[in-house]
Amino acid sequence: QVLDSPFPTGSAFGFSLRGAVDIDDNGYPDLIVGAYGANQVAVYRAQPVVKASVQLLVQDSLNPAVKSCVLPQTKTPVSCFKIQMCVGATGHNIPQKLSLNAELQLDRQKPRQGRRVLLLGSQQAGTTLNLDLGGKHSPICHTTMAFLRDEADIRDKLSPIVLSLNVSLPPTEAGMAPAVVLHGDTHVQEQTRIVLDCGEDDVCVPQLQLTASVTGSPLLVGADNVLELQMDTANEGEGAYEAELAVHLPQGAHYMRARSNVEGFERLICNQKKENETRVVLCELGNPMKKNTQIGIAMLVSVGNLEEAGESVSFQLQIRSKNSQNPNSKIVLLDVPVRAEAQVELRGNSFPASLVVAAEEGDREQNSLDSWGPKVEHTYELHNNGPGTVNGLHLSIHLPGQSQHSDLLYILDIQPQGGLQCFPQPPVNPLKVDWGLPTPSPSPVHPAHHKRDRRQIFLPEPEQPSRLQDPVLVSCDSAPCTVVQCDLQEMARGQRAMVTVLAFLWLPSLHQRPLDQFVLQSQAWFNVSSLPYAVPPLSLPRGEAQVRTQLLRALEERAIPIWWVLVGVLGGLLLLTILVLAMWKVGFFKRNRPPLEEDDEEGE
């Protein structure tokens, strides 16, 4: 014990000591300490010492199957046990009546909300008692009842249940020193445990087995990947307590949901937390996971942000328990390959899809405005459906025509969009035609030639064939060709690019074959040189498309001859005359009419 000086510094406190004097006659010697520098002394009175003895008694084990008590409020059967607390005190010249406070705590090593045993009466995890010791200070005992909570509410069944008892003096009034000093065994603790189904030695040794596979691979960079982890868990040994399946997720993976094949417990209880900066999904398998238990689990996991993942990602799986011996299964690693892929689509379209030109159309002077026929557009559109980005896209378009007078198509312009850079060979529009001028519509160029009234029909000229020819395919295989080469450095997911080839129908070329019909066909191919990722691609996109424009011919409409009309009119009059004569011959015009009502009245 250290005594601090009650006097100012330099008072020489402790220069002289005097003991063995009982100043207050309490049976304990007091101490006088002198301080000559202060011309004062300090008196320290000794207090009686109470030596306490505390005992806590509880049974060694608790059997959850034996439920001999009921809860007062709910009448629920519970497994209960007795707790006995005994407190005694001894000492020299201590007071005849001594009051002590005793505090009992149940399962004190667990958080208050997670304690496994509670008092039966109050359903609390602790209580405080006031114990009055008699004159002889003989030990007094107090017994209370406690109960074990339901197994479903208990997670930790392996660790011991610790109970503690602590005795202390009642608090005194402010500024007052206690009358006695409490010494001895003021704190004691005992422990009990939950009975386990672990054989004679009461030590459970599980044999946890885990196998796993994955569906949904490979993972694609840029895609919204969903994997299904299929895991088979089993315990071939004794019960595994607090058994759980631990799934360590790689970067970019996120837990979605999990289901088991156990009827009635399909929806697993799974929680995600961090362990050493790694996300881990923990799924409860049972407490305990009993012997010969088999559980199949299907877990859905989404995986994204794979640009820097490398050629594979790994899932680490293990069954863990809190058993002291052989608690865990072997670690299972699932490696899922990562690949790159992009689906690039090429579509072609013709506007208009078909043209109708009169048989004599094309009889125009070359290089005149009338030499220009309807406008024709061939459009090719590229669309990256993803999931990845592509680099080095090359598009090649082949069109039947080189802007020469002998071609059916006069190519005016190439119009790329979406970042494409295109270069035609040979150059287009060599005549420098101002294609912004109004152009004929896709219908026949001179509508007056095709005006028809009720007397007009299609009639060929006598010197021309009376039958149009079957359509002839005009492509780069059968005609001079213009090649358009287009390049795009990068094409992201969802991006579109388009090339429009603008051309006119060259009418003088049509006049050379007045009754021929044509199918104008262009064709395009594309390929991709690489994908901008460190992982190998499944394949490099490539494809082709065709665009066709039908060029149909119509024979000139001819007027109906006048003599045809006269013959028709005379024939009609002749038929009418014959019909009238036949009716007269049979007496149709001499028949008797029935009398009218007016005629009957006159006869009367």
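From the backbone N, Cα and C atoms, a Cβ is placed for every residue, glycine too.
Annotated in Swiss-Prot:
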type: BINDING; residues: D22, D24, N26, Y28, D30; note: Ca(2+) binding site
type: DISULFID; residues: C69-C80; note: disulfide bond
type: DISULFID; residues: C86-C141; note: disulfide bond
type: DISULFID; residues: C198-C204; note: disulfide bond
type: DISULFID; residues: C270-C283; note: disulfide bond
type: DISULFID; residues: C476-C481; note: disulfide bond
type: CARBOHYD; residues: N166; note: N-linked glycosylation site
type: CARBOHYD; residues: N276; note: N-linked glycosylation site
type: CARBOHYD; residues: N527; note: N-linked glycosylation site
type: REPEAT; residues: 1-61; note: repeat 'FG-GAP'
type: MOTIF; residues: 587-591; note: motif 'GFFKR motif'
type: TOPO_DOM; residues: 585-604; note: topological domain 'Cytoplasmic'
type: TRANSMEM; residues: 559-584; note: transmembrane segment
Fewest-neighbour residue among disulfide-bonded residues, criterion Cβ within 10 Å, set C86, C141, C476: C141
Helix, strand and coil residues within the motif 'GFFKR motif' (587-591) as assigned by DSSP: 3 helix, 0 strand, 2 coil
Tally of DSSP helical, extended and coil residues in the repeat 'FG-GAP' (1-61): 0 helix, 31 strand, 30 coil
Residues within 8 Å of the D22, D24, N26, Y28, D30 Cβ centre (excluding the Ca(2+) site residues themselves): I23, D25, G27, P29, R45, A46
Neighbour tally for D22 (Ca(2+) binding site), based on other Cβ positions within 10 Å of its Cβ: 12
Segment confidence, the motif 'GFFKR motif' (587-591), expressed as mean pLDDT: 70
Integer Å distance between the CA atoms belonging to C141 (disulfide bond) and C69 (disulfide bond): 22
Cα-Cα distance linking D24 (Ca(2+) binding site) and N527 (N-linked glycosylation site), given in Å to the nearest integer: 109
Candidate with sparsest Cβ neighbourhood (10 Å radius) among N26, N166, N276, N527, the listed recorded positions: N276
Fewest Cβ neighbours within 10 Å, where candidates are the binding-site residues D24, D30: D24
Residue pair C476 (disulfide bond), C204 (disulfide bond) - Cα distance, angstrom, rounded: 82
DSSP-derived structure type at C80 (disulfide bond), helix or strand or else coil: strand
